[in-house]
Each structure stands twice: as structure tokens, then as C-alpha cells.
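Report on the following structure.
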Amino acid sequence: MHLPMPTAAITPALSRKSATPHPIRAAVSVIFLALFMALIQLSPASAQVLSPGGGGEPPKVSQEDVKTAVKELLAASDPKPDPVTTGNPMVSSDELGFLMQPLTKTELKTEMSGWLKLLQGAVADLSAAELESFNLNAEIEKANADKPKPEEGAKPVLTPEQEAMAEKVGKLRETRTAISDRFREVMDAYENKGGAPEDTADYRTYVKEVGGVQVDTTNLRSALLTLKVWANAEDGGQRLARRLGTLLLWTVIGVAGGWLISLIVNMALKRTRFTSKLMRHFLRLWIARLGGLVGFLIGLSWIGTNMTPILAGLGAAGFILAFALQDTISNFASGLLILFLRPFDAGDEIEAAGVSGEVEKVSLFSTHLSTAENRKVIVPNNKIWEDVIVNSTGADTRRLSLEVEVDASKHSLEESETLLRQVMDDHPDVLDDPAPTLTLSAMTGDTYTFTCWPWVQTGQRDRVRWELVSRFGRELNVVKGATKAS
């Protein structure tokens, strides 16, 4: 008679697997185990045999024991895969990229665990070497305590043991840096294939905390040697210099490219009648600045900086600033409207927000005016845009309005009108088209009041106005203080 095997004996037997586990074998094992459990609980004969001394109560098998055994069987039949990219910790970035290309998000998660173990091992080796170097320096300092101190400014002298230890620490630091860089690339690949950034947050924090250079500040000779080794290391100072040079180069390229594009855009816009001087100045300035910013961001990406958190941070900061700086944003929007809708241009004389003057420039947030007294006035764009804007130089020509009072005792009505027309017609800067006009606006027993309307070029209006007033005074007996101009 064949007796059922105990649970403790059957679990290892079912856990044995061939080199290539198969899901069918796991299913058969689970079914066999379930039948075995049922047989133990239902067979009195089995209970007699299994119980000590051939008698007593049969062993009780709980449902949790069955679940535990099933989990062990499934785990044994389906082991976790091993990482495939950690075979060479000093693998190049390009080769690692090729190795990760066919991997899925789940497989890259396994790779991250493997690279974490490699980094932990490298950090452990480096920490042990740094501790050994610290103890060595302490022993040497203790031995030299009774010796005379070197002269001030003298170069520290290192023992052969210190130099060898520093070289060892430098090599281990290079290994740790290389593994950290590859680990970051694996995490980036995981996120690029749909992995959640939360899954890599702890890994990134660990890589950041174990990085850097530990300098023994209590020992000048050791500190100088550590910095020297780091500066000469391929993954230390040399890499930092290359990265800074690359970042600077891309920034310069961005500024130069933006400046060149701004010149081309400015030349093209000059040929059109749809843009103002203010718009051209604005585009020329900000295209160059934007080019520098784009070059800087490309440089950051080129040296291996993860741009995802930077861009996310910029977006979050912009969202917060939009609420905190509502008035500033309103000025910014008004500035854009002024630039695009062109109610005035640089050099125009305007009156708005209770201020009048000549427009010098319009920035993103304010308009700069110069008054007749040569005072500089800066007005927020929002105040100008929300107020009535009077542009005195918005057209190429302007009509002057001159009010003249003539002494009726010296000139007749017809003679006065003829002299006024002659003065306006004889002035070289008064336009023939439209022709100047005048009208008798008032008449008393002592005076005739005429209103004259000559047309002039906008840029010459002030000079022509006062020249006409002066000629009216010479040609006619104008009542003192009665000539008005507007």
C-alpha cells in the first residue's frame, strides 16, 4: 500500500525544475498538491500512518499553508529574470542604448534593480578606500606631530603610500561616476517608455546622495591631492570642463543664430507697411534673446541633463507667477496689443493716461515718453491701453488752426481776407493739396476775427505754425494778443 507523502516532503520534490521551467508543469504541481491535501484530511488510514506512534489526531493543514505552498511552487516555476545590461559596469553610453532598445518597461525595471546593486557595490568599495585613506593620513599626521612644521607657503609633501591611496580612491571614484551615469540613462529610458517618475524618484535621490567628492578638510595635503586627482580624472574635472565648454558653445551658437535671424526678420519687415518701428525693435530684441535661451537649453540636454523636471518646473512656476503677478501680466498683454495693433509708433506724439509726449519706445510692460520739457515719463502699458489715446502724429499731414483778429480801422474785410490768403499761399511749406482755407468767424465794430486752416507736413507743423503767426503780425495790423494757434 502506497502512503501519501507529508507536506514537508512533497514541497521540495515539486519545487525541483528543469533548466527551462514550463507553466504546464507548475499547473500539474498545484493540482497534485491540492489532491494530496484533500487526501490527508479525508483518509483516516493516512492519518493513522502519519500520526506519531500510529495513533492520535492527524496533522491539521490550514488554508494559509496551502496558499503558501502554492506561491512557493509558482515562484519556483517562474523565477525573476536577471538584468542583461549589467555585465560590463563600464559599458559606453552608446552601447547601453543599443542594449536597452528592445527592452520593455517591465524589463527596464529589472535593469534598474541590477544597476542599483552595482552602484551600491561601487559606493561600498569607495567608502572603504576613503576610510582607509583617512586612517592612513591620521597615522602620518600623528607620526609627524613632533617634527618641525614646514615653512608657511611650502608645498605639502606626500608619502608614496598617500599617493598610491589617492590614486586608488580616484579610480574607484571614476568607477562610481560611470555606474551612476549609466544608471541615470536606464532610469531615463524607463520613463521614456511609459514608466512613472515616482518609480525612479528614490533611485535618483540615492544616486544624488552618494555622488560628489569627499574631501578631508582636516588634512591639507590629502585635500590638495584629492582635488588634483579629481581635476585630472576623465570623469572628474575633465568631464566638468567639457560640459561647461559644450554648454557655453551652444549658448553662443544660440545667441549668434538668434541675432542673425532677428536681422533677417527686421530687413524683411522693413519692406512691408504692416509693421511699426516698435514691432521691429521688439522682434529684433526678443528673437536674439530667445535664440540664446534655446541654445542654453540644447546645451543642457546635450551634456546629459534630464530636461523633463526642468520643463515641468518652468511650467509650474509660470502657473504660479500668473496668479502672483496679475497686474504685470496685464501690462504684458497690453504691450503686445499696442505692438500688434499699432495705435502709435516710435516718434509719435501722443496723449494718454493724463500724459502727453513723444514716444521713445515700448517695452513688454511700459511705454517710455519724452515730454516737451525733455522729461522722461514711463507709463504702464495697461494704463495707456485702457485710456483714450490721442495720436497727434498718426498721419503724414496735419491741418493747423490759426485764429487771427484784425483791426477793422486799418483794413477792410476784403483786404484782410486777401492778405491772409496771400501769406498762407506764399509760405513754401504750406501744402497746395489740400489747399489752405479761411473763414470769418466773428466781427465786431473794431475787429474782424478770421480762422485760417493751412495744411502742412506733420513733422513741420510747429515751425510752420509760428512762422505764419509771425508773418500775419507783420503783414496785417493784428490786434495785440489776439492771434491764436492750435
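Even glycines carry a Cβ here, placed using N, Cα and C.
Since we're looking at a predicted model, the values are computed, not measured.
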* Structure fact -> Matching 113-136, 281-304 to TrEMBL annotations, transmembrane segment lands on 281-304
* **the domain 'Mechanosensitive ion channel MscS' (327-393), counted residue by residue under DSSP: helix, strand, coil** => 21 helix, 24 strand, 22 coil
* **Positions on the same chain near the transmembrane segment (281-304), where near means CB under 8 A and six or more residues out** => 181, 184, 243, 246-259, 261-263, 265-266, 269, 310, 339, 346, 361-362, 364
